[in-house]
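Engineer: Let me give you the structure first, and then I'll get to my questions.
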Amino acid sequence: MENILDPSVVNSHILENGSRRSSINPILDSELRDKTFEKAHRRSLTLLSSFTSSMLELPNNGKEENHRRPSVARSSSDRSKASAKEDLFSEAFRMAEQPPAEALTISTPVDPINIDELDRAYAVSPSDTSNLLHPPTSSSSIPIPIKNAGHSNLDHPIRPSLQSSISSNRIIKSPGIKEDDYMHRGRSISSPMIDVEHINSTAVPSKTKNLPEKPKRSHKLRNSITFAKIEDHPERKSQLRRLSSSLKCFDPEYDYNDPSLSIRRDSSTYYFSNVNETYDEEDSDLDSETSTVNWVQSVLNLPSLLSDDLMANPKNKERFEWQYMLTSVLTGDIVRSEKLRLRKIASSREGRNSDYSDNLWMEIWCWLTHRSVDSYRENLKHLRTGMVDVLLAIMNFHWDESNELTPIVAVDNMLQKLDKYERLYPSRRSILQEHSLYASESFQHKLDVLTAYSNVTHALEIQVNIIRSWVGNEEMDITKNTTNSINNVSQISNGPFVERFYRETGLIRAFEQRIMTNMNSVLSKVCNTIVTYADDLKSYGLPLIADDYMRLLSFPFRLIKEFLNLRLSCAENITSISLFTIDSLLDDLRNTMKVAVHIIQQHTVLIKPFRDDSKFVDENQSLNNILVASLKFYFNLLHRKVRNGCALLHFKETEILEGEWDFLLAVCPHIEHGFQIMSKSLSSLVGEILTNINRYLKDQLQGPDTDDSALITSFYIKVLDCVRIRFRKLMSFTRILKAHLENSCEYVIKENSLSLLIQRLEESNHVLTYTASIEHEGAYVIVPGHLVDSPNILREVLSMTFNKGDNNFESVPPYAVVLAPDSSICWNGHVTDLDIPEVSISIAPNCVRLVTLATANQLSVIEDYFISIVGDTVSLVDSAKANSSKINKQMTKIKRNSLKLALSLLDVIQTIRTRYHGMNCQNLIHYSFSYAIEFAQRLMRLSILDASSIGLIRRKMIQLAISWVGFIYEDCSPTDRNTFRWTVTALEFAMIMTYGSNILMIDKKSFEELKEKVGKCVALLLLHFDVMGTKHAGRSMDQQAGDIPARLVRNNSDRSRLSDNELASFVKEEVMHRIIELESNRRDRLYKSQLIGRVLDDTTKENRLLKELASSKSNITIRWQQGGLIGSGSFGTVYRAVNLDTGDLMAVKEVALHKPRISRPMIKRIKGEMLVLELFDHPNVVSYYGIEVHREKVNIFMELCQGSSLFEFLRYGRIEDELVIQVYVLQLLEGLAYIHSCGVSHQDVKPENILFDHNGIMKFTDFGSAKMSGSASTKIFEQLTQQEEEEFEKDSEFLQHLDQNRGYSLTGTPTYMAPELILGNPSERVGAMDIWSLGCVIVEMATGSPPWPRLDNHFSLMYHIAAHNPPIIPADDQLSPLGQNFLKRCFVSDPNQRATAAELLMDPWVYPLRAGTEFDLMNSSVVESAPSTNGAPLEL
């Protein structure tokens, strides 16, 4: 039992065991210790006011108000915050130490105040607490809130500061405060009904009694104190009264002894600042006066807003005189001397504050321990005698191997001893005064080191324990296999930690919350401590806690490495990969590599104290190798996506690359050879896309098999627009890529100029550099002299394959000259060595390459500088190229493919003109000419091609101009008005292409042909010229009106735009992508508190229900990864998932089992859907794979339909082609006929539950509301094992529940619900309600809106259906008569007379499709076929 007489024990309660380790930052540790100790000391000073307020009471008959300044008062909300946690002594000590009964009086709660706001002159001495009845603050007891110092999860309290503690009644510094201000502040929180002199004279140690009320004397005392100093100086008083009278500030008729006057002065006249800044003696008048003068001067410098006439008005003279008088009073000698005198008085009181606080602390403990001050002081002297030994022990502390205690235990014991003795002192100032060793800098430094060591060691232990608990084993082995089972029947969760972690897809959330935030925060502080105190710890014999530190530091590396290894191994097992699988893998790799790079960035800094640790270097290298493999696999997937993408990706190929740009720029710098892989792969992708565009153009040029000129024109316009859009986007991206990859230019050495070139390089202070790698290719590296001392920059210049463009050079960028002479050279300049990685540059003999850090857009600057040095000894060959031979090869391939595509497009016009000559396709041919000219001009402006390629395109354009002029004369009708407009355009283009020296590029034969055709076109123009205006005047208004639609039609045909379906698809994809992201984030938050793999206790009802599902034969264990959200409903949420064993995509329906929801009906519903799905095996019903049971959820694995749902399809409008509706209805009937033949009724047929797979096949899903007939129950029993039969016998009502109860329950969606379900009279015929629902779905497909669109609520809808009102049959323009008769058979009110699915398959509306009349058309819609070489292009 603790000794209450021991002040160290009592003080430990007062300090509330504040931990020394509340902060483990070694730099800020001393400051935090000072602040925490100061808070604890100030709470102990507040204790007296709390006790006296609870014991004492001042009678108040309601005659006087509680006059307290607003700054002290607290609101009711603040009072409510003074809870039991804050009120440390209000209840505990009242129960332990009850004051005498005669000392207690009735008290009323008022606003609590802080004792720091009390003036010492009016505070009652703590030694007289047994003799007082009334508190010195107000007429009611005032509870003082004791603010907690706060607890930490560490054990040692923070040491107090070296500053001397500030008294509880410190003076608040405020501008312009005077002595009477200070005195008045003390009175503002004291009652005017207290007679201080009477209290002091009547205080008797042995007993207490109530004091009589003497308000008049109290008022006199108050005001006598206020004006005492002025009464001592009659001259000053008279001067102040005369001045105040003139200023109307003091009225001679006022009674200055009136208490109301002081109240008003307290609330309005005086300003009390809340700034917690103590007044120092060094603060002089000069500071405040200087600041005041500066402020006044700044106000006077403001421009006046009044006019000069108003300022000079004699009527305003009185105001200026008054203001001048006010200024004279406040800036005169009287006020200045009074301010100085009051400051000196306040400064003299400051020295007495420390003694007062020490006495207050002493008297508090005397009161608590029921001892006198003298005896308690003697006891303290005896207890403090061991302080010197503890200080010496700390100064001499050194741990060695012979010590029986571990380093951390030895340090903790030493700090605990010091804490015990520190509690024996009221403040650190007292310790400093008594022990000079404690105040020494060496002692404080060693104490800081030991405290920091204790903090970081315990923090590391806590973090290691957290990670061990998370992983599940003491070794923190993430690959260790752990298995938990339920009664050895079925396994709920198994596998290593990395697989369980991978399965839940909480990678980003886990790393951000558990590793990146918490663990990295601890590691960074440990790193700072080790770096700061490494030498000190070594001198004290304390180890550097490297084991736990390195164990934590390597954990993220091992986890992310295993995660990537697992992902890559699973990807290798994928046999058939689809576009959806590629997107899922790309997204997974992208997120994982981001996390891995983030780990590398943060831990590069944290490894500094152990940079030579070989284990960490090996782990870093192994992680980098995995990242390299992941990056290569990432680009492999991009290649597959671009190569095997659907037609929708034709317009988005470049957007795919642009979307990956920012990610690659963030990841590749931190992967070894990352930029090299990125540059090579991106350039290869661009070249592959160019090849695809060229192949697409070649295939589509064969044209459609039709003679209709309108269809032919529309076909080719769409083809050319598609090529133009794809090529334009790709060239824009290629220009960006070219600027980052091409960082050099190449020159050829002129004949007999090699020696002169060498001489000029020597004279310009260039240095020959031996690299031991480039010399093998017959080349030499020459660098500027100022870069010799910067080898890292030179290595970056020579080995750089990708320039990020983030370098800002004030002058010439760093560069290197690679010289490949064709003969031997003699270098007379400086020579140095440079070790660089092996780089393949492939430079031709007799050439010079200028390599720089500048981008391709900045090469011109370095080229001019280089030419200024070498002069005319070289000539430019290639203005921009990549220094790496592999990347330059890819860029050359891109340029060659771009030129090939451009020439193919220019040749397309002649092909189209020849093929469709005489077929009235003049509009198409003219559009082709305009298209080719625009395309060629854009290509030359992109600066992708070199000079030779541009010259070749220019020659092609000249030939195109000649052919265009020939087309106008030979193929166009002279009387057509379009011919005149086309002729002007063709002649203008011919004029531009033959301008200047271009006319000399035409051979003689072509020039003669051009002259002839131009002459004929000019003659053609003369037929359309209307010089006198007679032709125009003769035109009628009807002809003009008739021409307007023609112009509109032509403009519309020339317009290139995307179709509505294509735009809608783009918008839909973007919206779905955003929705999936939001749902994925929501799912991660919901998985935060999961409990996986625990053993079930079958004694509880909930666990018994889970055991029923876990014991099912369909309970499977597979390795899978959860993907994005597909949809959610009231029964569960569906996600996309990947089978890690096979690589197949699947859908996972997650049913949450929160405890309020775990009931027998819920389990029966899950089990019922599971049994129903096990019965089915049909192309038009989703396949069922099995279930996976967890404590908090059940996962149902089903087939993934990747083509959205019928509901999403109908959101964009009705299906206009009735043949498509017939194909869809035939598939739905096939599926319903099979479902009904199994004895199951779906009971929830609606567009949301009809899905499309990737081939367009429709499938039924969501059998949560299905009803099973007797035949289905029999079939289920035939498939049961003996163990399952025993379980069903125990639960005999289960199948009855499936068979009967659901049939009579109101299940489904009201819009598609049959009348018998609403009326509660279901038919014995299986699936009759499904036929009604199918008819409603057909109505929605034909009309675009659900049945009864005008009924706005479910109640009116159900009432309408219950009245046997069928939906409105679509009109004749929406559905044929056969289709209308089909719907009438579906909407028969009597379910027994309603047609079945098998009967409807024989209906004339769908039977021809089933029999094969239209089967070819249906087959082509659902089977993927090779791209047609003669059909129309896919219209999106």
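Including glycine, each Cβ sits where the backbone N, Cα and C put it.
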Engineer: Annotation phosphothreonine per Swiss-Prot: which of the candidates T52, T226, T1413 has it?
Structural biologist: T226
Engineer: According to Swiss-Prot, one residue in S49, S54, S224, S291 is annotated as phosphoserine; name it.
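Structural biologist: Annotated as phosphoserine in Swiss-Prot: S224.
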Engineer: Among all the protein chains here, how many other CB atoms are within 10 A of the CB of S1128 (ATP binding site)?
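Structural biologist: By my count, 15.
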Engineer: Tell me, in order along the sequence, which binding-site residues from I1126, S1128, G1132, V1134 have their CA within 10 Å of D1244 (active site, proton acceptor).
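Structural biologist: Near D1244 (active site, proton acceptor) by Cα: none of them.
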Engineer: Counting across all protein chains shown, how many other Cβ atoms sit within 10 Å of the Cβ of G1132 (ATP binding site)?
Structural biologist: 21
Engineer: Ten-angstrom check, please: count other Cβ atoms within 10 Å of the Cβ of V1134 (ATP binding site), all chains counted.
Structural biologist: 19
Engineer: Taking the Cβ of I1126 (ATP binding site) as the centre, how many other Cβ atoms fall within a 10 Å radius?
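Structural biologist: The Cβ of I1126 (ATP binding site) has 23 Cβ neighbours within 10 Å.
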Engineer: With H, G and I counted as helix, E and B as strand and the rest as coil, say where DSSP puts G1132 (ATP binding site).
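Structural biologist: Going by the DSSP assignment, G1132 (ATP binding site) belongs to neither helix nor strand, so it counts as coil.
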Engineer: 10 Å Cβ neighbour count around D1244 (active site, proton acceptor)?
Structural biologist: 22
Engineer: Is D1244 (active site, proton acceptor) helix, strand or coil when read with DSSP?
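Structural biologist: Note: D1244 (active site, proton acceptor) is coil by DSSP, not helix or strand.
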